[in-house]
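To start, the structure itself, in structure tokens.
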Amino acid sequence: MTHQTHAYHMVNPSPWPLTGALSALLMTSGLIMWFHFNSMYLLMLGLTTNTLTMYQWWRDIVRESTFQGHHTPIVQKGLRYGMILFIVSEVFFFAGFFWAFYHSSLAPTPELGGCWPPTGITPLNPMEVPLLNTSVLLASGVSITWAHHSLMEGNRKHMLQALFITISLGIYFTLLQASEYYETPFTISDGIYGSTFFMATGFHGLHVIIGSTFLIVCFVRQLKFHFTSNHHFGFEAAAWYWHFVDVVWLFLYVSIYWWGS
């Protein structure tokens with residue numbers, strides 16, 4: 001590094017992309033084993049490998065950005081483009097679920113009884129837990145914006161308070177969603193309605209868990225004084241992701257819970 005004459009970060013060889021790919025293989029194979037053979041061993045191994053990979057990869061990136069100073073403005077610009085493209089790819093990912101839902105609901109087949117929701121399906125009341133979930137996520141969007149502005153103003157105390165509130169609301173949302181799943185009168189195997197409902201809301205719930213994990217990492221990093229008022233892309237990326245999760249939920253609520261019921 002002593003002879004480097006450019007601002008780009010030449011990343012050292014790392015095993016984490018390989019272990020990350022291995023964990024993805026183990027988790028997907030583990031899900032198949034769980035669904036078809038009621039065995040969770042492979043899934044647990046995949047989740048453990050994934051957790052260890054995340055911890056160690058994050059640790060390396062934190063070292064590179066803070067202590068080693070590799071995240072120059074031009075490197076941060078590349079990271080910004082990367083995060084934007086990642087969120088765009090997620091938009092298309094969810095677009096597929098919405099397409100499946102509207103394709104099935106706007107022209108219900110005779111097998112569904114020619115109506116939507118299909119005959120025999122009792123949909124959830126959109127004015128109960130789903131509405132509470134909506135208000136919880138909207139409130140978390142406000143609190144993370146408060147955290148971002150506090151960080152830019154150098155107000156450490158308010159930033160930590162706001163970030164803690166956001167994480168708490170994210171965990172509360174996940175618990176509400178879990179309780180809702182427990183009480184639903186239909187399952188993922190109840191035709192196209194059950195499939196689209198649980199796939200769309202379930203993947204959104206997974207994204208809330210991922211976003212909450214991002215924010216918890218940011219909270220720990222803020223406690224360790226890793227962020228400054230003008231150098232905090234790790235938090236900014238997590239905030240962008242959280243706002244994306246917010247917006248997706250609004251579309252889910254209006255489409256699947258309210259209109260679809």
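Cβ coordinates are placed from backbone N, Cα and C, and glycine is handled just like the others.
Marked as topological domain 'Mitochondrial matrix' by Swiss-Prot on the basis of similarity to another entry: 1-15 (among others).
Here Swiss-Prot flags 16-34 (among others) as transmembrane segment. Nonlocal intrachain contacts for the transmembrane segment (16-34), taken as residues 6+ away from its ends with a CB within less than 8 angstroms of a stretch CB, comprise 40-47, 49-50, 52-53, 56-57, 60.
The topological domain 'Mitochondrial intermembrane' feature in Swiss-Prot is assigned to 35-40 (among others); the stated evidence is similarity to another entry.
Note on the transmembrane segment (41-66): residues 9, 14, 16, 19-20, 22-31, 33-34, 213, 217, 221, 226, 233-234 of its chain, located 6 or more positions outside it, place their CB under 8 angstroms from a CB of the stretch. Annotation source Swiss-Prot lists transmembrane segment at 41-66 (among others).
If you look up Swiss-Prot, you'll see 67-72 (among others) marked as topological domain 'Mitochondrial matrix', on the strength of similarity to another entry. In the predicted structure, the topological domain 'Mitochondrial matrix' (67-72) carries a mean pLDDT of 79.
Residues 7-9, 112, 116, 192-193, 195-196, 199-200, 203-204, 207, 233, 237, 240-241, 244, 248, 251, 255-256, 260 of the same chain lie 6+ residues outside the transmembrane segment (73-105) yet bring a C-beta within less than 8 angstroms of a C-beta in it. The feature transmembrane segment is assigned by Swiss-Prot to 73-105 (among others).
Long-range contacts of the topological domain 'Mitochondrial intermembrane' (106-128) within its own chain (CB-CB distance under 8 A, at least 6 residues past either end) are made by residues 180, 184-186, 190-194, 253, 257-258, 260-261. Taken from Swiss-Prot, the feature topological domain 'Mitochondrial intermembrane' covers 106-128 (among others), and the record attributes it to similarity to another entry.
Cβ atoms under 8 Å from those of the transmembrane segment (129-152) belong to residues 158-159, 162-163, 165-166, 169-170, 172-173, 176-177, 179-180, 208, 215, 222, 227, 229-230, 232, 235-236, 239, 242-243, 245-246, 249-250, 253, 257-258 of the same chain, restricted to positions at least 6 beyond its ends. Residues or ranges marked as transmembrane segment in Swiss-Prot: 129-152 (among others).
Look at Swiss-Prot and you will find 156-183 (among others) tagged as transmembrane segment.
Across the topological domain 'Mitochondrial intermembrane' (184-190), DSSP classifies residues as 0 helix, 0 strand, 7 coil. Sequence annotations record features per position, and here Swiss-Prot assigns topological domain 'Mitochondrial intermembrane' to 184-190 (among others) based on similarity to another entry.
Residues or ranges marked as transmembrane segment in Swiss-Prot (evidence: similarity to another entry): 191-223 (among others).
What Swiss-Prot records for 224-232 (among others) is topological domain 'Mitochondrial matrix', and it gives similarity to another entry as the kind of evidence. Within the chain carrying the topological domain 'Mitochondrial matrix' (224-232), a Cβ under 8 angstroms from the stretch's Cβ atoms is held by residues 62, 65-66, 71, 151-154, 218, all 6 or more beyond its ends.
Non-local neighbours of the transmembrane segment (233-256) in the same chain are 61-62, 65, 71, 76, 79-80, 83-84, 87, 90-91, 94, 98, 101-102, 126, 130-131, 133-134, 137-138, 140-141, 144-145, 147-148, 151, 166, 170, 196-197, 200-201, 204, 207-208, 210-211, 214-215, 217-218, 221-222, 226-227; each lies 6+ residues outside the stretch with a CB under 8 Å from one of its CB atoms. Among the features that Swiss-Prot reports, transmembrane segment is placed at 233-256 (among others), with the record citing similarity to another entry.
Swiss-Prot lists 257-261 (among others) with the feature topological domain 'Mitochondrial intermembrane'. Taken residue by residue, the topological domain 'Mitochondrial intermembrane' (257-261) breaks down under DSSP into 3 helix, 0 strand, 2 coil.
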